[in-house]
Ligand code: UDX
Ligand code: ADP
């Protein structure tokens, strides 16, 4: 089957960049990204390319090149479904906040709505691709809805998980480590796999395109994220031990990372991992394991989350303790709010939880993040429902420049590893702060000895 039209439901962090790259690399395929959120679609269509809703290095150029040529953003979901041969489902799958599996299982409400809509609209055979991370065996549920509520047309369900990391999405999409496509073993299933393989073959070498059965593909995505998160919790556990023993976690990470069996990546101790995937996917894994009665397996993976929560709390506790056991009415400056550098995404960012702890201690938090607005900071805190929105607004101060954010501050906490933080005029910052001036480097990115030479009291993670 020659693919000429693709539709993607969900214009978010996954759908937007992924489809932009497919459109750029496959000029003969018309790619339409649809979303119910009108504001989001309007932003994707904004003539000023700086206003597209997702910040990713290099994404603006790709959107500029393809938009209007073969890349379209629209709220007309039904039309796009009707026309497409391949439909990607890229909607959000948050952790359930109610009922059975609350706080652990993925909420498949949005996925199910998509499946029902596809079934209602489709008048010819379609390939439906799961792009969102989903619990194992979701494809089965999607298939059941499509087959039972459809118009008698054939649906093939593929699992094609996304492995891009935010901040490097464009590079990850252009040069992926692998593309994973899971499908049915029937000849129809194999044809669907081949059709999708052909799309990716426009720019991905054949050796990097892996085809499996649907369940392996679904489980591989959860497992890849669980392994990555586990490495961070492992090095963070070691960071606490380093602080007690006089070892330096950066040196330990380098020493163990040179073992080619371990490898050097993803061994950076930090204030804790965030992002929309790691915690959600592990909770999902834990839930699935428990539902099969595999309690030891569930406990094993849950420990990764427990360690991560501990690391965030340990960071805020240390700030309070170091500032003479009280931060009440003290201005504490946060450098960074995003869950990592080069993204405006703040989902599950450690900054939210550290701020929440410090506000409980009556601190005033002055946030400076080059890509995150005050509105977003407050929305993140309000979402926790620890206190009223007006109490959050009273506790969070926002400034347009990092220097204003630091004036009269008692301490600076680095929550995101933005490169620009390293370049700041730290003498100027020091001069404007209360003394002693503390820096808590939750990302180990600043030059500790240089800051100490200026007069700061500097504390990194794990040394
Ligand atoms: C992750 C996976 O990397 C990606 O393959 C998957 O598709 C989605 O989930 P993402 O969450 O975007 O991507 O970012 P990632 O770079 O993995 O970072 C996650 C968190 O871990 C961030 O908060 C980051 O700061 C933190 N981290 C990462 C560390 O604390 N130390 C490290 O060594 C690496
Ligand atoms: P992700 O990180 O998985 O891409 P996002 O939350 O950034 O998640 O994006 C998911 C998008 O999916 C949101 O913009 C949301 O409005 C959209 N969405 C959810 N359900 C539907 C639906 N039934 N039809 C169209 N769009 C939807």
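Every residue, even glycine, has its Cβ placed from backbone N, Cα and C.
Whatever TrEMBL says is automated annotation, not expert-curated.
TrEMBL has this to say about the protein:
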- 277: active site, nucleophile (ACT_SITE)
- 10-15, 35, 40, 91-95, 132-133, 166, 277-280, 347: NAD(+) binding site (BINDING)
- 162-166, 221-225, 261, 268-274, 339-340, 443: substrate binding site (BINDING)
- 333-448: domain 'UDP-glucose/GDP-mannose dehydrogenase C-terminal' (DOMAIN)
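Screening the binding-site residues 10, 35, 92 for a C-beta under 6 A from any atom of ligand 1 leaves none. Over all protein chains present, the Cβ of residue 339 (substrate binding site) has 24 other Cβ atoms lying within 10 Å.
Residue 35 (NAD(+) binding site) falls outside any helix or strand according to DSSP and counts as coil. Sorting each residue of the domain 'UDP-glucose/GDP-mannose dehydrogenase C-terminal' (333-448) by its DSSP state yields 46 helix, 19 strand, 51 coil. For ligand 2, the recorded positions lying close by, meaning a CB under 6 A from one of its atoms, are 35; the full candidate list was 35, 95, 165, 269, 272, 277.
Sequence-distant contacts of residue 272 (substrate binding site), defined by Cβ-Cβ distance under 8 angstroms and a gap of at least six in the same chain, are 232, 236, 308, 309, 311, 312, 315, 350, 353. Across the structure, residue 269 (substrate binding site) and residue 92 (NAD(+) binding site) place their CA atoms 29 angstrom apart. In space, 277 is the closest of the recorded positions 35, 92, 95, 277, 279 to residue 162 (substrate binding site), judged by Cα positions.
The Cα atom of residue 222 (substrate binding site) lies nearest to that of 279, taking the binding-site residues 13, 166, 279 as the candidates. According to DSSP, residue 162 (substrate binding site) is assigned to coil rather than to any helix or strand. Nearest in space to residue 165 (substrate binding site), taking C-alpha to C-alpha distance over the recorded positions 10, 92, 277, 279, is 277. Closest to residue 225 (substrate binding site) in space, going by CA atoms and restricting to the binding-site residues 10, 92, 279, is 279.
Within 10 Å of the C-beta atom of residue 277 (active site, nucleophile) sit 25 other C-beta atoms, taking all shown protein chains into account.
Candidate binding-site residues: 10, 13, 35, 92, 95. Nearest to residue 339 (substrate binding site) by Cα distance: 13.
Mean pLDDT of the predicted structure over the domain 'UDP-glucose/GDP-mannose dehydrogenase C-terminal' (333-448): 97. Note: the Cα of residue 13 (NAD(+) binding site) and the Cα of the residue listed as 'active site, nucleophile' are spaced 11 Å from each other.
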